[in-house]
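Quick look at what Swiss-Prot lists:
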ACT_SITE  SER266  active site
ACT_SITE  ASP458  active site
ACT_SITE  HIS520  active site
DISULFID  CYS179-CYS419  disulfide bond
DISULFID  CYS313-CYS327  disulfide bond
DISULFID  CYS337-CYS360  disulfide bond
DISULFID  CYS344-CYS353  disulfide bond
DISULFID  CYS382-CYS389  disulfide bond
CARBOHYD  ASN210  N-linked glycosylation site
CARBOHYD  ASN509  N-linked glycosylation site
SIGNAL    1-17  signal peptide
Amino acid sequence: MKFLTTGLLATAALAAAQEQQVLQAEDGMGQAPQRGSSIFDETLQKFQSSLEDGISHFWSEMKTNFKDYLPLISLPKKHTRRPDSEWDHVVRGADIESVWVQGADGEKRREIDGKLHNYDLRVKAVDPSKLGVDAGVKQYSGYLDDNDADKHLFYWFFESRNDPKNDPVVLWLNGGPGCSSLTGLFLELGPATIDKNLKVVSNPYSWNSNASVIFLDQPVNVGFSYSGSSVSDTVAAGKDIYALLTLFFKQFPEYATQDFHISGESYAGHYIPVFAAEILSHKNTNINLKSALIGNGLTDPLTQYPQYRPMACGEGGYPAVLDQGTCRSMDNSLERCLSLIETCYSSESAWICVPAAMYCNSAILAPYQQTGMNPYDVRNKCEDMASLCYPQLNVITEWLNQKSVMQALGVEVESYESCNSGINRDFLFHGDWMKPYHRLVPSVLEKIPVLIYAGDADFICNWLGNQAWTDALEWPGHKKFAEAKLEDLKIVDNKNKGKKIGQVKSSGNFTFMRIFGAGHMVPLNQPEASLEFLNRWLRGEWH
């Protein structure tokens, strides 16, 4: 789940936006000049010459008016670390790093690459009977510790219900940034949900039906994870993911022999290209990475932001949420937004990237947010903004905050929250939101297949934007992929065989799917469809 801008940041952005000049054509009709036209080129030159002054003014305004709200480090969570003696296993990264082997060329090398000496992995065997979550299925929970940086990432592993000795392993990451992957576990694709009476209800469409799944709370201070420091950009989090998987597969070599897939949604569109590239950068590793999956992700803002207006204004397959006047206003703001993003792409500096995010989110996202409709599903009103429009998150949070649950999982923090707005703010104010992480995707595609899937009722990371960036991505297979046609995606695996669940296009290692009737969280709205395409993808279909 991807946060919309918090109320504070939206207010700040609106204040800054009032200082911005809207690009308009000379005819005064309020239409933005088109790229490639002489009017556009002249206007762009004027804009670029004033950009530095505008950004300086933006930061001055922020410092003056919001100085009490801009600490760039989120507050640490209260915690009590359990002694190592209370854990079933403790894996030392230093022990792994110290192992040398002789290669085929006769030269000595480390058995496993990477800086691991500062990491430990603590493991607890979870008793399913105590929690009632997937009874009979082997489970582990625990923490990855970065002892140098005082970072502690919580994970919960579920073995496959089917054939764990042969089924693949999947890592699941929620987005935000700042949202717990236990949201995905209990609201979307995990082995159980929680009802309003705090009872555990089995999920027949869990992704661990035919795969073992790891749910990871990252970055630090998300969910049950904690730290005395912080992580405020995607690249910094990548090293932790590599360490977690390396130590986990070292402790459980029976899973290391299986195919491994990294998956996630929303802001994981930032995470996964970075994390996959980090794993693939290591030649000697025990991580058998075979593919990456991103659902309703934010990956290439420059290509995706132009699709917010069409999605909100009735061009995405659902009725318009916004009126024509608001839609025109979004059009008028778009060129300035895109110019800011382009400058961010060129510099990758927070000095530029933060104003880009603030202006674009104010001009392009805020009009939708102000309607009271659910930004994660254009078909519904937002029931409760405090719970990100999904009141069931409150029930899940209450269940996870029970002392008996926390004790059974070995949790070391005092409380759980589904999303940490401080983390979201940290990433935003370090410029991470608008950075061009899609540039890593071509190198990933050289080595593994990538699936981009999108529920077609989502606004915040909509299918139009995801289709647009996948079609536009420059990679050796670009031309064939862009020319490929969307074909019907139908169920083949069960009693509903032949039911149309979406559309798919694929070429080379790249696949795009549109899933019908699903919002931001595809497994929540279309559980049967999500398990269908997952199982087929893991079996190697489309790649």
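Every residue gets a Cβ built from N, Cα and C, even glycine.
It should be emphasised that the depicted structure is a prediction, and the values quoted were computed from it without experimental measurement.
Structural mapping of features recorded in Swiss-Prot.
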residue : record                      : CB count, 10 Å
ASN210  : N-linked glycosylation site : 20
SER266  : active site                 : 28
CYS313  : disulfide bond              : 20
CYS337  : disulfide bond              : 27
CYS344  : disulfide bond              : 26
CYS353  : disulfide bond              : 26
CYS382  : disulfide bond              : 18
CYS389  : disulfide bond              : 22
CYS419  : disulfide bond              : 24
HIS520  : active site                 : 29
Spatial neighbour of CYS353 (disulfide bond) that is closest, considering only the active-site residues SER266, ASP458, HIS520 and their CA atoms: SER266
Neighbour count, 10 Å Cβ-Cβ cut-off, for CYS360 (disulfide bond): what number do you get? 28
Roughly how many Å separate the Cα of HIS520 (active site) from that of CYS360 (disulfide bond), to the nearest whole number? 20
Going by Cα-Cα distance, pick out whichever of the disulfide-bonded residues CYS327, CYS344, CYS419 is nearest to CYS337 (disulfide bond). CYS344
Which residues, sitting 6 or more apart from CYS327 (disulfide bond) on the same chain, put a CB under 8 Å from its CB? ARG309, ALA312, CYS313, ALA320
Per DSSP, three-state class assigned to CYS353 (disulfide bond): helix
Quick one: give me the count of other CB atoms within 10 A of the CB of ASP458 (active site). 31
I need the most crowded of these recorded positions: CYS179, ASN509. Count other C-beta atoms within 10 angstroms of each C-beta and give me the top one. CYS179
CYS389 (disulfide bond) sits from SER266 (active site) (Cα to Cα, rounded, in Å) at a distance of 16
CYS382 (disulfide bond) to ASP458 (active site): how many Å between their Cα atoms? 13
Rounding to whole Å, the Cα atoms of CYS389 (disulfide bond) and CYS419 (disulfide bond) are apart by 13
Of the recorded positions listed here (ASN210, ASP458, ASN509), which is spatially closest to CYS179 (disulfide bond) when Cα positions are compared? ASP458
Looking only at C-alpha atoms, tell me how far ASN210 (N-linked glycosylation site) is from CYS360 (disulfide bond), rounded to the nearest Å. 41
If you measure between the CA atoms of CYS344 (disulfide bond) and ASP458 (active site) and round to the nearest Å, you get 26
Going by Cα-Cα distance, pick out whichever of the recorded positions CYS419, ASP458, ASN509 is nearest to CYS360 (disulfide bond). ASP458
Could you state the CA-to-CA distance between CYS419 (disulfide bond) and ASN509 (N-linked glycosylation site) to the nearest Å? 33
